[in-house]
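A.B. asks: One structure is given below, represented as structure tokens, and several questions about it will come after.
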Amino acid sequence: MASTLQTQDSPRPGGFPAIRYKRNIPKRGPSGLVILTGLTAISTLGFYWASQTIQELRELKRERIWSRIYLVPMLQAELDRDSYRRTRASLQREAEIMKDVPDWKVGESVYNTKRYVPPSVFVLPEK
Amino acid sequence: MLFFLLESFIILLPLLGSIAFMTLAERKVMASMQRRVGPNVVGFYGTLQPFADGLKLLLKEAVIPSHANKVIFLVSPFITLSLALMGWAAIPFAKGTALADLSLGVLFLMAVSSLGVYGVLLAGWSANSKYAFLGSLRSSAQLVSYELPLAMVILIIVSITGSLSFLQIVEFQQGVWLIIPLLPLSLVWFIIILAETNRAPFDLPESESELVAGFMVEHSAFPFAFFFLGEYASILIMSVLTSIFFFGGYLIPFGISSSPFLQSFVLGLKSSLVFFFFIWVRATLPRVRFDQLMVLCWCSLLPLGFAFFVLIICTLVAFEATSY
Amino acid sequence: MLLFFILFVPLFVLILLGVHMLVATSNPDAAKVSPYECGMNSVSDARQKFQVSFFLVALLFIVFDLEILFLYPLTVSLYHISLFGFWIAMVFILIITVGFIYELASNVLDYAKTPSSKITPPNPPRAKLLAGIRNYSTSSSLPSST
């Protein structure tokens with residue numbers, strides 16, 4: 001009697017594929033440490049550039065201030081020369097105008113002091 | 001006098017026009033993000049939609065509730081819009097092209113923008129409606145709280161550039177755009193500007209599902225339009241401020257020198273990108289809870305701001321790089 | 001120019017409002033001008049008591065805003081004040097930090113945790129009543145227990 005052929009329930013030839021037990025989590029980007037390091041690196045680089053800029057701006061400002069400081073004696077000398085010329089011209093004008101007045105002293109100070117008082121009025125040339 | 005008038009209109013009219021197109025841009029961009037079409041009937045692809053809306057609001061009836069304080073009710077939108085437009089006086093659009101190049105421009109802008117709380121407060125109080133009252137409470141608490149980290153961030157920027165003038169802050173960035181040294185702080189700044197302009201995800205004052213429209217629930221027609229314009233004007237000013245503080249304002253990268261026209265165009269481009277960020281966030285993120293909002297401000301952003309301030313002035317002093 | 005702009009902008013807004021008043025229709029009726037409450041008749045005045053945290057936020061804002069304003073002169077004069085001024089500023093910031101920690105530790109900003117949830121009732125009905133009062137009170141100085 002032909003017995004029914006018993007077949008064992010065995011794996012198919014070549015075996016089963018591996019069970020996919022790994023979860024497929026989408027990549028959430030770099031880890032926190034990487035982000036922190038990256039941010040620090042970028043900011044440090046940026047701060048280096050920013051400090052360069054600050055130094056440069058400071059240098060420019062210092063240059064501007066010192067160029068002014070060195071220029072001051074020259075400007076002062078120009079002012080002195082100009083005010084002397086104007087004073088002389090004003091005295092001449094005064095003498096010319098007041099020549100008919102007998103007791104007039106040309107160039108007498110209008111202030112009650114013997115100190116030098118810088119002139120407060122300049123006569124500008126007429127157009 | 002006539003020249004002054006002309007100059008004011010040169011600022012104001014393009015400003016109002018850009019606000020109108022901002023609303024359109026917001027609707028269109030959000031529609032694209034949500035796979036809708038958006039307004040596309042009025043004008044060419046809906047370009048005239050904001051003007052149609054404005055005209056509709058102009059012709060609608062302004063309902064003043066019977067229990068409201070009528071004068072304050074009308075004054076509050078007036079205050080909001082005026083203050084939102086006033087801040088534009090100090091913004092440099094290109095090199096030497098500002099309405100008033102103030103040496104304390106940053107302080108002026110902060111003063112004007114912090115006065116905006118009054119509009120919100122008065123609106124909620126005068127409307128005498130429970131939604132409006134709750135909305136104005138929330139909104140003023142939020143605006144007031146987020147002003148501290150805002151001031152902190154500006155403080156840090158000022159301590160690096162050493163100047164309170166917008167023009168000098170921009171000119172400083174010829175060396176490096178401030179977003180590179182202040183990259184962590186710029187993230188804080190982006191959170192703050194969202195909260196300061198009452199935008200999603202921090203739009204608690206007008207959270208539609210709970211408070212209908214927040215403090216402006218009773219305002220209709222043009223008073224409502226004033227709030228709307230004021231809000232968008234402040235969003236625009238925050239976008240421009242972001243590009244001035246972090247993205248080099250009107251400067252073109254790689255040191256390309258250019259005409260004032262091109263410079264102001266570049267400023268507009270940068271601001272538009274920041275405004276796109278506003279819309280993007282609104283379409284993406286859900287609303288936070290109110291206590292989370294306050295805890296975020298007082299327990300995270302403000303200590304972070306203080307810590308960053310200390311770090312930065314210490315760095316500047318240690319490397320002898322303090323601004324002159 | 002700035003002054004003109006500051007004066008002109010409110011005028012401009014006022015003109016807009018005036019144009020609206022001229023153009024818009026106006027025929028109010030009783031239902032239209034009643035306070036909006038999602039279709040219900042409003043039961044009471046809207047100006048009710050509110051949570052004390054809102055008030056505390058305003059108070060804290062004043063303190064911290066002033067402190068930040070004190071730091072503004074520091075930032076623009078960091079070069080001129082030298083190391084001495086810098087250390088003075090550091091001491092100032094230290095004092096702010098101490099105050100800030102005190103503020104955080106005293107749970108001022110806990111909106112979610114209302115005072116009622118913290119009370120462990122020794123005498124339930126009365127404590128419940130007190131908690132109920134506390135929830136709607138603007139004052140936090142009520143006695144916490146019997």
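Here the Cβ of each residue, glycine as well, is placed from N, Cα and C on the backbone.
Caution: TrEMBL annotation is automatic and unverified by curators.
Feature table excerpt (TrEMBL):
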| type | residues | note |
| --- | --- | --- |
| TRANSMEM | B:71-91 | transmembrane segment |
| TRANSMEM | B:103-127 | transmembrane segment |
| TRANSMEM | B:148-170 | transmembrane segment |
| TRANSMEM | B:176-195 | transmembrane segment |
| TRANSMEM | B:224-249 | transmembrane segment |
| TRANSMEM | B:261-281 | transmembrane segment |
| TRANSMEM | B:293-319 | transmembrane segment |
A.B. asks: Give residue numbers and ranges for long-range contacts of the transmembrane segment (B:176-195): same chain, 6 or more residues beyond its ends, CB-CB under 8 A.
C.D. replies: 142, 146, 149-150, 153, 156-157, 160-161, 201-202, 238, 241-242, 245-248, 251, 253, 277-278, 281, 293, 296-297, 301, 304-305, 308
A.B. asks: Thinking of Cβ pairs under 8 Å, which stretch from B:148-170, B:224-249, B:261-281, B:293-319 has the most of them with the transmembrane segment (B:71-91)?
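C.D. replies: If we count Cβ pairs closer than 8 Å to the transmembrane segment (B:71-91), B:224-249 scores highest.
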A.B. asks: Taking pairs 6 or more apart in sequence, does the count of Cβ pairs under 8 Å between the transmembrane segment (B:103-127) and the transmembrane segment (B:224-249) hit 3 or more?
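C.D. replies: Contact criterion met.
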